[in-house]
């Protein structure tokens, strides 16, 4: 039996072995086709994004609209670090839910096929989920309901705002001043100050003769101290914050005055007071002068009237006396 088996010819390859050879050849051909048709680096980038997004926290935000809403509804979403964001729009139409067309856009770009639509209890829901990994995913996402009269809801994904100083800081030549910027409930990765009194902003970094000192007690604030102020130091200063998802900035306006400025203001106020007092005195003098001739005229008329009355009394008493004398005789 064994001799007979040894004299037999070579066996035909088994079916699993043929299948493995076929798959290996197919894999080599596919790899060759992919290397010529598409960049090889595209696949690792997608895998990296999927890996990052799977470890991110999830945030859910919603907007409610009705068919009678005339104005678009907007909601601002502040993101400091990468995260998965779930955007939900609720729409209540007056007619059939199935007849309402639903679309999504990022800015002006139409988003196709990466959102869900569901109808429950007379309300139409649509959901779009985005993995925000870098600044490219930031921006405005809008949901649209209807075709002719579209109802729109917009989610604005932004980095935290930087609070500068709304009112200008006013100081004088030769003094020192401290400019402050803060970020409420956030921690920027880096702060940078820019200064300039024109359209060009110059970064402020290394101190120049101890004129600039950048400091901050906490990570969410930055301070810029400027010493020996001159007229060239006035202008608008920008505090620039860098986050993982983008950048934000605040501004502080600085006004540097000379000590002659308040003196000029005081002199101007004093001159106005002097002019006002002079005008009042002149008016009083004019009033008194105008009143005096009228009073003298009245006194003259009264005196003439008294003289006239006296003369009339003497003339009247003479005839009466004569008449009395004639009666006595």
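The chain as shown is numbered from 1 upward.
Cβ from N, Cα, C; glycine included.
As annotated by TrEMBL, compositional bias 'Basic and acidic residues' applies to 293-310.
Note: the domain 'Ig-like' (72-143) comprises 6 helix, 45 strand, 21 coil (DSSP; helix = H, G, I, strand = E, B). The annotation domain 'Ig-like' is assigned in TrEMBL to 72-143 (among others).
Model confidence over the domain 'Ig-like' (160-258) stands at 88, taken as the mean pLDDT rounded to a whole number. The domain 'Ig-like' annotation in TrEMBL covers 160-258 (among others).
Residues or ranges marked as region 'Disordered' in TrEMBL: 289-329.
TrEMBL lists 1-31 with the feature signal peptide.
According to TrEMBL, the feature transmembrane segment maps to 259-283. Sequence-distant neighbours of the transmembrane segment (259-283) (same chain, 6+ residues past either end, Cβ-Cβ under 8 Å): 172-173.
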